[in-house]
Amino acid sequence: MVCSAAPLLLLATTLPLLGSPVAQASQPVSETGVRPREGLQRRQWGPLIGRDKAWNERIDRPFPACPIPLSSSFGRWPKGQTMWAQTSTLTLTEEELGQSQAGGESGSGQLLDQENGAGESALVSVYVHLDFPDKTWPPELSRTLTLPAASASSSPRPLLTGLRLTTECNVNHKGNFYCACLSGYQWNTSICLHYPPCQSLHNHQPCGCLVFSHPEPGYCQLLPPGSPVTCLPAVPGILNLNSQLQMPGDTLSLTLHLSQEATNLSWFLRHPGSPSPILLQPGTQVSVTSSHGQAALSVSNMSHHWAGEYMSCFEAQGFKWNLYEVVRVPLKATDVARLPYQLSISCATSPGFQLSCCIPSTNLAYTAAWSPGEGSKASSFNESGSQCFVLAVQRCPMADTTYACDLQSLGLAPLRVPISITIIQDGDITCPEDASVLTWNVTKAGHVAQAPCPESKRGIVRRLCGADGVWGPVHSSCTDARLLALFTRTKLLQAGQGSPAEEVPQILAQLPGQAAEASSPSDLLTLLSTMKYVAKVVAEARIQLDRRALKNLLIATDKVLDMDTRSLWTLAQARKPWAGSTLLLAVETLACSLCPQDHPFAFSLPNVLLQSQLFGPTFPADYSISFPTRPPLQAQIPRHSLAPLVRNGTEISITSLVLRKLDHLLPSNYGQGLGDSLYATPGLVLVISIMAGDRAFSQGEVIMDFGNTDGSPHCVFWDHSLFQGRGGWSKEGCQAQVASASPTAQCLCQHLTAFSVLMSPHTVPEEPALALLTQVGLGASILALLVCLGVYWLVWRVVVRNKISYFRHAALLNMVFCLLAADTCFLGAPFLSPGPRSPLCLAAAFLCHFLYLATFFWMLAQALVLAHQLLFVFHQLAKHRVLPLMVLLGYLCPLGLAGVTLGLYLPQGQYLREGECWLDGKGGALYTFVGPVLAIIGVNGLVLAMAMLKLLRPSLSEGPPAEKRQALLGVIKALLILTPIFGLTWGLGLATLLEEVSTVPHYIFTILNTLQGVFILLFGCLMDRKIQEALRKRFCRAQAPSSTISLVSCCLQILSCASKSMSEGIPWPSSEDMGTARS
């Protein structure tokens, strides 16, 4: 410190006082003949801060003048320290003060309590102000200061028992007083709150040095006395450390045991070489706990970033106390930077080479020992916070060698860092020397060459030499040193080092400059990571940003969005495809953290537009906002959606942020209902957030207009929880509303987040005619299936007189049951709440999948029975063996397929189609239904081909009896008609999954799919000759119908007679007849 004046000392004396106090002191003339200065007869003195209340009341009174010999050059009276006096009259002379070449001025006295009697003690303050010509006097005075002989005389003179220096003040060239307390003394806490501390070397003494602007700075107080043997102050606490040497990954534990009541407890860490400590607060690595008489600090996952001096600062007994412990943390292998990691070299072209290992600065002293060291020269140097050890190998080794850099520190095991050297031999495949951008030496095939980063950058540049001797691409991890330091600072802030309220604005102030200087993918990724950690700190600490801090964020965001896509973003996304999602999440979090007093706030940049408003409890109408973008963007939040948020007089802030170009930087991840298609975007992302107090709300109805659109719009939002936290577009809670009068795309969403609109040129048409056609077709199918059940009710015993007929009709009856249940479930599914979170919707989709599959598996069972009878003509089938197999095939197989599909696709969010209770056609779930169906149709086609060949053989008539042969012909006829129909239906179903298909296949598929029950009734039931004969004999009483159409007209009479027949007790087929088909 540069001083423009000589130092100044304050002197305290200590005397015991016995006897009755008096109100006036004597005024003798000094030996020099100088009388006391006039004007010092009375002076008002404040209480001694830090003592008990009774003492403060006692001394806050005027006091009488005291005769003090004065030097002609001093006339200022600073406050002093305390003393114990023996008599009521105190006179100090220059001889009693140990007269020297210094001038002095002293004053004594407080009006003692008149109630004190003889033998009582009172505390009296005596102050001495000494000026010295230079700095050599205070140390000399401290060594020679002794009690004067005159003070040992008997009463009435006082008995002076102590004389000690308390405060040393120095004045700089600006006239400021730097006053530091000497050993055993300290400024009171109330004074510390009003004056700034010195930037001095008083590291471990809290409130030990203050800066004053006036020449009467006050005085330092005597700390509470401790042990009479040590004469040290009594510290009201003990700090315990589990170990001063913490290994990497350990957990540090500091415990403070307090003997007095303490307040304002804080923990600090001073890094090696740092002038000021860092506040420690709860974070990802720091935890702070306190209980009665005890406080604890815990730091997990220790590393060299946590080495240094830990301090516990608190207030007790009117003073500030600092207790500290020094913690050492050894380095680990990942903390050491090696250059190179490996090296392949040709001794013919490079007789020597250089190796280095660099370590960060730490409070441990490290030395390096290289091995092998023959023919080499070791050295070291320091640069920008790191220490590097270099080995210059002057002779190339004859064979492959592994060099080791052994880092050693006293009391620690050596840390070995290996560097492998490969010698290129004659005949080895090598990559040639390349000096296009960086210098790449000759490298052996299969090895990685390394080069240092340019100046002011950290990292390394790598390049692989391929097995064929061709250089691969250059991979650089070079990152700007200042940006890397900012990232480390932000990460440590989240861990618990520093005050977020102070650190976050400072970090945000540096982001625009760092964004402007980012020149590599590593710079971009480090910048995005820094913004991510800042956002996490703001969210966890719930701090608010002022306008300047938010502007810095938006400026940095604008520069990041404006970075070159080809040279920076594409390469950065190749390493981390979710880099754009990281930026979006950080900006979302920070943009809504503006202080309420800074509203309203608007800010506009080429790629960033923000508007934030504050609303009181009684806002008049809907919230609406518009942005002058191309196309224009508008948003509206209805008043009824905001009303529940402003209860109890709460103010709400609504922040709307528009980001350009960001949607092109987000990964092409599409959630449920969007599939893997590529969508076009209008280039805008809208972020809306609502804050009520310190709470953020994510639910609320918002209506957005994204302007003119081409194609079919999909209203989406960016869901950060999709794809293992990497984010993706989702349609959940959003729906598109295309206005008929204008081509604009309107979106209605039930939550608040980052919105956009995706344009698909080819989408499934959402026409009312298709929905109506589906409902009508399913109704007709259900009605036809009920008619089919009624027919079997009437003619079951007639048509199952042989085993072939029994197997065929049992399979057909189970097909009817399954298809009837599936169609009913599918028809009722639209009335359920769609989405994977709806149990009823999930159940409906699972049942439809299972029942539709079961329908086709029973058709397969029917075809397999036919194939067996055609191949093994004289082999008879037993009911008790065939029926269980048919049941297993018809129900167990489709149940297994449906269960596997549910377990496989539901966790991935690709089970249900968006907005429907049916399988997703884009994610792959629908293929687990269409695939088995087409496979069964293919098997049925093979069986039919085999049956046609058998029918053409004349020997077929020599096989089974005529009745069985007729039954086989019925099976063949049904399969011959139903298989092509079902095959065509689901072939068209696959075609509808294509993006560029027209609307015609959708209509044909809907008609054929919904009328499956009608086809089964006509071609599986009514075309059977046995059934026709049974129905004619029972109801028609006429000639047999010549066609299916006439049979249908006949069946209309059947329906009218059904109630009459049932009343006559016509039996329904028993469970023995149907086997287990009813289940």
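Each residue, glycine too, has its Cβ placed from N, Cα and C.
Here Swiss-Prot flags 1-25 as signal peptide. The topological domain 'Extracellular' feature in Swiss-Prot is assigned to 26-775, 833-851, 903-928, 995-1002. Feature annotation from Swiss-Prot assigns N-linked glycosylation site to Asn188, Asn264, Asn301, Asn382, Asn441, Asn648; the stated evidence is sequence analysis. The domain 'GAIN-B' annotation in Swiss-Prot covers 599-765 and is backed by sequence analysis. According to Swiss-Prot, the disulfide bond annotation covers Cys715-Cys747, Cys734-Cys749, on the basis of sequence analysis. Residues or ranges marked as region 'GPS' by Swiss-Prot on the basis of sequence analysis: 715-765. Annotation comment: Swiss-Prot describes 776-796, 812-832, 852-874, 882-902, 929-949, 974-994, 1003-1023 as transmembrane segment.
Swiss-Prot feature annotations superimposed on the structure.
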residue: Asn264; record: N-linked glycosylation site; Cβ contacts under 8 Å, 6 or more apart: Cys313, Phe314, Glu315
residue: Asn301; record: N-linked glycosylation site; Cβ contacts under 8 Å, 6 or more apart: Gly249, Thr251, Gln285
residue: Asn382; record: N-linked glycosylation site; Cβ contacts under 8 Å, 6 or more apart: Cys388
residue: Asn441; record: N-linked glycosylation site; Cβ contacts under 8 Å, 6 or more apart: Ile345, Thr349, Ser350, Glu433, Ala449
residue: Cys715; record: disulfide bond; Cβ contacts under 8 Å, 6 or more apart: Met704, Lys731, Cys734, Gln735, Ala736, Ala745, Cys747, Leu748, Cys749, Phe755, Val757
I'd like the per-state residue tally for the topological domain 'Extracellular' (903-928) from DSSP, helix first, then strand, then coil.
5 helix, 2 strand, 19 coil
Give me the count of other Cβ atoms within 10 A of the Cβ belonging to Cys749 (disulfide bond).
21
Can you break down the topological domain 'Extracellular' (833-851) into helix, strand and coil residue counts using DSSP?
13 helix, 0 strand, 6 coil
Under 8 Å, at least 3 Cβ pairs, sequence separation 6 or more: does that hold for the transmembrane segment (776-796) versus the transmembrane segment (882-902)?
no
For the topological domain 'Extracellular' (26-775), the mean pLDDT of the predicted model
77
Same-chain residues at least 6 beyond the ends of the topological domain 'Extracellular' (833-851) with a Cβ under 8 Å from one of its Cβ atoms are 672, 732, 818-819, 821-822, 825-826, 894-895, 898, 901-902, 906, 909, 911-912, 914-919, 928-929
With every protein chain in view, what's the tally of Cβ atoms within 10 Å of the Cβ of Cys747 (disulfide bond), excluding that atom itself?
23
Cβ contacts within 10 Å for Cys734 (disulfide bond), all chains included, total 21
